[in-house]
Amino acid sequence: MDSAAAAFALDKPALGPGPPPPPPALGPGDCAQARKNFSVSHLLDLEEVAAAGRLAARPGARAEAREGAAREPSGGSSGSEAAPQDGECPSPGRGSAAKRKKKQRRNRTTFNSSQLQALERVFERTHYPDAFVREELARRVNLSEARVQVWFQNRRAKFRRNERAMLASRSASLLKSYSQEAAIEQPVAPRPTALSPDYLSWTASSPYSTVPPYSPGSSGPATPGVNMANSIASLRLKAKEFSLHHSQVPTVN
């Protein structure tokens, strides 16, 4: 009995903590599916977590991780910002953003003299030609219908600018002429004439006389009033002399 029990105990495996079971092997399809899910689910963050796990498994990994974290801010931007890493799907918005930044330059159309004459002739008739007129004109001048339509749009804008400038200049000229006419028609008050100092001194000396005193040495031109006063004074003087002379002559009886 003892030998049989001992043999049974030797055949039974010993119970205790053993090594973990190995991971299941993945085929090529499983690897592709795992890589696809990996790239969609924030590739960069998951790679950092896996790298941190591998560093923790090695001795001295914490010191190396600290040194790498200290060098990363001073070293500049990470490689993930400069270029996509291996396995990262390129963003579809990068190419479109670069294309939007490069603004396409539109080719300008140069019209010759014959084309401009034909376009101006039609513009004199109508400022808004319909599609049939534009197509016919485009065939005549060897241009596209879109170019003809753009030319008419620009020509209408230029015509409106010229009209506004003409109206502004005309209104300014009318306002200027009206202000000049109003200034001419406004009555002007007569200015008082300045009195000469000779007249003021004469009125102060003889207030009752209306004729200024005659001065023989004056070189000014004689006025009619002054001549009349002089003649009256001379006549009076002669009459007085005649009366004196007649009174002195003795009478004969």
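Cβ from N, Cα, C; glycine included.
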Pick from 1-33, 133-165: which range does Swiss-Prot record as region 'Disordered'? 1-33
Stretch-averaged pLDDT - the motif 'OAR' (230-243): 81
Helix, strand, coil residue numbers for the DNA-binding region (104-163) per DSSP? 43 helix, 0 strand, 17 coil
